[in-house]
Amino acid sequence: MQRIMLRAKLHRVTVTEADLHYEGSCGIDEDLLDAAGMREFERIELYNVTNGERFDTYIIKAARGSGAISLNGAAARRAQVGDLMIICTYGPMSEEESATHKPKVVLVDDANRVKEIRKFPA
């Protein structure tokens, strides 16, 4: 049997841009993607800490070192610039893998720069 498990999360990142008229997606600074092991075009779930909205979309790369978290297209209706978000990826794992798996958690500062990377739970 396969279980769908949390792989990684970007914890309490700040939305820096919302563009309703872009095709769609979520732009994420490449430094954050690398830190979390996330990939461009990967499906993500987003949880808006500020207003409680929960939704999904996919990743596109934003400029490395920019601190960018941009919500595009319909996702731009779910958050405003300045909102705090949790961005998660999930993946299938065997029973054996899931028994010992520890998701990666990336904590950031106020400018969306990596502050700490740890395995969950700490």
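Yeah, the Cβs are placed from backbone N, Cα and C, and that goes for glycine too.
Quantities reported herein were computed from a predicted structural model and do not represent experimental measurements.
Listed features, source Swiss-Prot:
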- Ser25: active site, schiff-base intermediate with substrate (ACT_SITE)
- Ser25: pyruvic acid (Ser) (MOD_RES)
- Thr57, Gly73, Ala74, Ala75: substrate binding site (BINDING)
- Tyr58: active site, proton donor (ACT_SITE)
- Task: Mind checking which of Ala74, Ala75 has the fewest other CB atoms within 10 A of its CB? They're the binding-site residues.
- Result: Ala74
- Would you list the other residues of this chain near substrate - those whose C-beta lies within 8 angstroms of the C-beta centroid of Thr57, Gly73, Ala74, Ala75 - in sequence order? Gly24, Ser25, Cys26, Phe55, Leu71, Asn72, Ala76, Arg77, Arg78
- Please report how many Å separate the Cα atom of Gly73 (substrate binding site) from that of the residue listed as 'active site, schiff-base intermediate with substrate', as a whole number. 7
- Query: To the nearest whole angstrom, what is the C-alpha distance linking Ser25 (active site, schiff-base intermediate with substrate) and Tyr58 (active site, proton donor)?
  - Reply: 5
- Message: So, three-state DSSP: helix, strand or coil for the residue listed as 'active site, schiff-base intermediate with substrate'?
- Response: strand
- Same-chain residues at least 6 positions away from the residue listed as 'active site, proton donor' with a Cβ under 8 Å from its Cβ, in sequence order, are Gly24, Ser25, Cys26, Phe41, Glu42, Arg43, Ile44
- Under 8 Å Cβ-Cβ from Thr57 (substrate binding site), six or more apart in the same chain: what's there? Gly24, Ser25, Cys26, Arg43, Ile44, Leu46, Leu71, Asn72, Gly73, Ala75
